[in-house]
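Novice: Take a look at what TrEMBL says about it:
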type     : residues  : note
TRANSMEM : B:20-40   : transmembrane segment
TRANSMEM : B:52-70   : transmembrane segment
TRANSMEM : B:77-98   : transmembrane segment
TRANSMEM : B:104-125 : transmembrane segment
TRANSMEM : B:137-155 : transmembrane segment
TRANSMEM : B:175-194 : transmembrane segment
TRANSMEM : B:231-249 : transmembrane segment
TRANSMEM : B:261-278 : transmembrane segment
TRANSMEM : B:285-302 : transmembrane segment
TRANSMEM : B:308-327 : transmembrane segment
Amino acid sequence: QDKVTIGVSVPAADHGWTGGVNYFAQQTIDRLSKVYPDATFVFASAADAPKQIADIEDMVSTRNIDALVILPGDPDAMTSAIKQVKDAGKFVTVVDRQLSIDGVEDLYVAGDNPGLGTNTANYFKEAMPDGGNIVVLRGLPIPIDQQRVDAFMAGIEGTNIKVLDDEFANWNRDDGFKVMQDFLTRFPDIKGVWAQDDDTAVGAIEAIKQAGREDEMFIVGGAGMQQMIQRVADGDKLMPVDVSYNPAMISTAIELTTAHAVGGVPVSGRYILESTLITQENASEFLDEESPF
Amino acid sequence: MSVSAPEVPAKPARGMRIDFKTVGPLLALVLLVLLGISLNENFLSYNNITNVLARSSFIGIIAIGATFVITAGGLDLSVGSMAAVVAGVMIIVMNALIPSMGVSVGVVLIGMLAGLAVGGAAGIGNGLMVTRGRIEAFIVTLGTMGIFRSLVTFLADGGTLSLNFNVADLYRPVYYNGILGVPWPIIVFALVAIGGEIVMRRTAFGRYCAAIGSSEQVSRYSSINVDNVRLITYIVQGILVGVAVLLYVPRLGSASSTTGVLWELEAIAAVIIGGTTLKGGYGRIWGTVVGVIILGLIGNILNLQSFISPYLNGAFQGVIIILAVLLQRGRRAA
Amino acid sequence: MSVSAPEVPAKPARGMRIDFKTVGPLLALVLLVLLGISLNENFLSYNNITNVLARSSFIGIIAIGATFVITAGGLDLSVGSMAAVVAGVMIIVMNALIPSMGVSVGVVLIGMLAGLAVGGAAGIGNGLMVTRGRIEAFIVTLGTMGIFRSLVTFLADGGTLSLNFNVADLYRPVYYNGILGVPWPIIVFALVAIGGEIVMRRTAFGRYCAAIGSSEQVSRYSSINVDNVRLITYIVQGILVGVAVLLYVPRLGSASSTTGVLWELEAIAAVIIGGTTLKGGYGRIWGTVVGVIILGLIGNILNLQSFISPYLNGAFQGVIIILAVLLQRGRRAA
Amino acid sequence: MSDPQDSAVRPILAAHRISKSFGEIPVLFSIDFDVRPGEVHAIIGENGAGKSTLIKILSGIEQPTSGTIEYDGQTVTLPPNGQAEAMGIVLIHQELNLAEDLTVADSIFLGRELKRYGFLQSGEMRRRAAEILDTLHVHVDPDARIRSLSIADKQMVEIAKAISRDARVLIMDEPTAVLSVGETQTLFDQIRRLTARGVAVVFISHKLDEIMQLAQRVTVLRDGQLIATVGTEALTPDSIAQMMVGRELSNLYPPKHEPDVDAPVVLSVRHLSAPGVHDISFDLRKGEILGFAGLIGSGRTAIAEAVVGLARRSEGEVELEGKPVNFTRVAQSVDAGIAYMTKDRKGKGLLLNMGLRPNLTLLTLKRHLRMGFLDSASEERALERSVRRFDIRARDASVAVGRLSGGNQQKLMLGKTMESEPDIIIMDEPTRGIDVGTKQQIYHIIAALAAEGKSIILISSELQEVIGLSHRVAVIRTGRLAGVLEGAEIAEEEIMRYAAGIKQGGHNERISA
Ligand SMILES: Nc1ncnc2c1ncn2[C@@H]1O[C@H](COP(=O)(O)OP(=O)(O)OP(=O)(O)O)[C@@H](O)[C@H]1O
Ligand SMILES: Nc1ncnc2c1ncn2[C@@H]1O[C@H](COP(=O)(O)OP(=O)(O)OP(=O)(O)O)[C@@H](O)[C@H]1O
Ligand SMILES: [Mg+2]
Ligand SMILES: [Mg+2]
């Protein structure tokens, strides 16, 4: 049995979800290193696309990796760099974000960003059959935010649900708090809040509580942070549901890739990890004591 | 033999002409307030005003420290990351004390002390490297910015450190309550600002900061202990970061690697909008306060309207910052 | 009464002792290389070296512009966002030309010209506000940093601007190919560095930058057109941002609101690690080149090992930056 | 070459009815002034009289509020910012005007670099700089950074810069204020060389003997008014002084009161070595004025700085009233009652961007605290006292001190030093740039301080001053004590012999007994 080296490249922990990705990636690497003594892992997290490209270049030229697992921060910018890794004969697994040309990766472990928007929209339609005013707290101005928002807007089209305004809250608690405070100042009538992300939702909830308007509205986050799933499970009125978008998808990708590289287990194609609606009924399935996210 | 009486200079009527250097930031503030009023009738509401002031207070308290550092010719880029470390350590300490001390006010108080201590220690580190190590402040604090940021990420294991829920409940009033309807953060900010103004204007330390920023050499020849004064500015900055975080933690009860990102830029911007010169030698605390409020209002106003695409928020912010300083033009670092 | 010639003081033997101010950054570089070699046998491989140098070239070219700006007593915080705007405009222009011009070298060339033009224009904007508007450079460029960043987000509609794939194929060799095995980015970086060194040392412009940074008034009294020289430094900076982006676009083929984030800090850090003084008056291009390579190597070396938790990368970086400057201590801005 | 004294020779540069105000504060009133080719025309007047302002207007640095300038027979508006240099009007500023980060050669050629094919000819510029410095007998490395030069060397570099330019009119604002006799003579030789070639020279100095020596005509300003323009031959130093200050100036120097022979030694320096100082020993007695004479760069400043803790001493002891002291910071020497007044008022003495009050009290701020806070009333009182005592004249009290006239800055610095009420005062060029009237006043203050029992070390390049005031004179040469003169020995020639190294020893052994 030959030694294999597997490179894992993820974006830096610049918000809660990517923090989760980093955590799960390292945790999985630690675990698999024990399971497969012949496998060496090279892990890097990058703040931006050039850094991430540099990381995978280094993995190829100095660490002689056999396989690469990559969650590209900015897939369009990274497509040709990933293609070069592929062209160098490495096994490539892409996670979460679709590259701008098809057929580069051997394995695609996908989250479903538009699905997150659509799922959320469906819940809003169901919860607000007569329509009403809502506000949207977006993420960072990057493509996945755009995909989620587009799908959401498409989902509520034709209903009486009215988006009063949207602002970037950068998937961040502090900004969620600020933006929500100001929305509350500005709009006397808000029935629903789409925070898109659970970190943002934490901040928004504090703002709503401070204003004493918990009873007027509900809020939907996203990504499935443990603290939020617990709320859903507890039947919190303010936070009736959550939408999963599990950072642990990176673990799946690393496991599959390692199994292939070490054991020659044939894996290929697409694994779509669906974005599902977490409700009080199914919340227990998503609770995980160990997860820091 | 004596000399004929010297001509006594007539003092010019000061303040008769409009002094744009002084009035500039205030004018910008007034214009922003008018803009806010015209956009939304709730702008001047008690809630909105306290919201904006309370959430500006973190940057405000930090920026007051930065005013001293910058006036003395220094710079501290590490304050944002430092704030994150302080918050992280406070949360870890408080969570760790619960088993032994239970959920008690004592836990919160020890956490607060730990926060101040970490801030002060970080300030001492920065200050010693700048003064004893003779390394440019920009480099020292760029370095510690990276180091502190890494440290939080490490402490939080890439994720978020959350304060125990029960302790958080106990601590929460420190952000949300206050006296006579004025939230604590605003009160603390005001006290720090008043204290800072007094120290800057009416103590030897404040005078020495300006002297050192103006000319290190002259200060040395005037028997000022330049290194010590510099060091103290960094320590004051560190402690004030600690104070700011004392108010930050009760708000959301968490710290992560994104806590305090870009606070340094915001703090420095506030200081300079307020009329302090970046190269040192002249600082004014009240200007910094105005600068902080201007920056706070910009964000608020952007959230109160819908015509500007949120994509262009940054542009609006940039334009206002430049305009605020344009209003005091004439002043210029030599 | 006249005096006999005073004794001539012996000139100290120059350059005999090790001059740490000069050797400092080089020493840091050598130490890093040794560290790299000890960590991985592939470190000195052709591939690794060209990789590191090629990817450092963007920041490198920008940092050479920053050396002029800083030497002349200025500062440009907007370079990162400016790079994003330039990249965005280039991509939009090239994509827009395809229907009429097809996928041709002409499209790429026009795109490149557009990039240089946008960079130059942005530089003119910054420069005019600093010189004619008399606003502190820090504030002007902090403002335009926000404005440019917003502009890209706006142009990209919150997402990513991607270059047409066929044009990208045509353009790609500009990053990945070269002559005699040396990739283009390295060649361009070297040319810009050599040109910069010559301009800084051997032309009146370079001399004037140092004079202005050292004392604006003295320069003015020496009939140097201070405003023009300053303006030109910002324009040079803008054009060099353009040049850097010409090499960046074929590598990434896209631009988004995250393009070039924090490049300004990296560029300034490289300049100062290289021994240029932040307050102006003294700049050296070769030092900046060394600084850029040091920063590039830090990232590379972190990827060569697995003992340091990636969470602590920033800390390692911070420590190296401080150490690199510590090695040249003694120099200190007055 | 026509005789410049001949009033038929047309002036090359003339000012007609020039007035100037800064804001609402007038500083010049309808001044007429002209200078002819080959002539040295001196301007004198009290501190703040407007001399510097006038010559700034004559060189385009400042624009007059009203009045006209005529150059070469044409009415002109001089271009700002030293661009008039291209027309042949070259100015040496009163305040050192060099960029500290540049090298000597860079500075000399700043703004008119030698170029070939657009590139600087650094070698050529270095060579020529060395040449010019040589003619001035200045021994500095053309590659040395300005920052590293002594203040007198900086002044010489400025002079080198000015005379190396193709001047038709050369204007010098107190170029000799920091120069010693020898350097001054070198400068005068150069000036005569230039005037012989037809260059017109405008020369400002407070040293009347220099003016008598050099100038053909003298213009006297007082409080911004033109008092008179007269030929030098019709003048005596006394009559000039009278015109300047509007009163008789008899006995510039107060009578010397020798201290008691058994007056205790308050400061004793033994075998002191420091950068630029080699094995210096001397004693200073209570009530004594000890002069320090020597050439530029002889190390007098370095000795003073080593004594008060501004420079690190490598060897030797300092005893204060019999107790050994080792100051590592100035604050310690100030607390011990020793004050040092620097000669570099711009670089080390004053915060140019601040007002009079913070500058005056900076050294002694702790004395103006009330319950821990600054007491601005107390500071204001101190300022009033100093303004009266040292005749500091600021037309606008809120002005930044950088805008005060040079002499008034100097007076402010004196005031600042005296605020610490020292028992031992080391004054480095205390009357640098001060007008005769005030000088006399300061001399009396110094003598009175000594009579009160204070001890004074007087470092001065103005020999007359050292001679007129000192009880004993130590002559320093290349960082070593060349000799100590007492009583009748204290005379110009004798001092110069020691300073130049022609004579050695003297009473050295007696002083370090
Ligand atoms: N830029 C300025 N702004 C305000 N006042 C000024 C400025 N420059 C000079 N003054 C004032 O003008 C007056 C004349 O100053 P000037 O420097 O011409 O005197 P001076 O005759 O050269 O004196 P000195 O012998 O001390 O050098 C002074 O009262 C000074 O304070
Ligand atoms: N820190 C130092 N290191 C090396 N040489 C020094 C240092 N300080 C002074 N010197 C040298 O010592 C000599 C004395 O210079 P300094 O300016 O102290 O004396 P000075 O010119 O006699 O003072 P003054 O101008 O009052 O006469 C100069 O040649 C100077 O270059
Ligand atoms: Mg003058
Ligand atoms: Mg000297």
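Glycine residues also receive a Cβ, built from the backbone N, Cα and C atoms like all the rest.
What you are looking at is a predicted structure, and each value in this text was computed from that prediction instead of being measured.
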Novice: Based on Cβ pairs under 8 Å, which of the stretches B:77-98, B:175-194, B:231-249, B:261-278, B:285-302 lies most in contact with the transmembrane segment (B:104-125)?
Specialist: B:231-249
Novice: How about the transmembrane segment (B:52-70) with the transmembrane segment (B:308-327) - do they touch, taking at least 3 C-beta pairs under 8 Å (6 or more apart in sequence) as contact?
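Specialist: Contact absent: fewer than 3 Cβ pairs fall under 8 Å.
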Novice: Can you find at least 3 Cβ pairs under 8 Å between the transmembrane segment (B:285-302) and the transmembrane segment (B:137-155), where each pair is 6 or more residues apart in sequence?
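Specialist: By the criterion, they do not touch.
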Novice: Please check if the transmembrane segment (B:137-155) comes into contact with the transmembrane segment (B:77-98), where contact means 3 or more CB pairs closer than 8 Å and the residues in each pair are separated by 6 or more positions.
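Specialist: These two stretches do touch.
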Novice: Thinking of Cβ pairs under 8 Å, which stretch from B:20-40, B:77-98, B:175-194, B:231-249, B:261-278 has the most of them with the transmembrane segment (B:308-327)?
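Specialist: The stretch I would name here is B:20-40.
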Novice: Per the 3+ Cβ pairs under 8 Å rule, pairs at least 6 apart in sequence, do the transmembrane segment (B:231-249) and the transmembrane segment (B:20-40) touch?
Specialist: no
Novice: Give residue numbers and ranges for long-range contacts of the transmembrane segment (B:20-40): same chain, 6 or more residues beyond its ends, CB-CB under 8 A.
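Specialist: For the transmembrane segment (B:20-40), the list is 273-275, 287, 290-291, 293-294, 297-298, 300-301, 304-305, 320, 323-325, 327-331.
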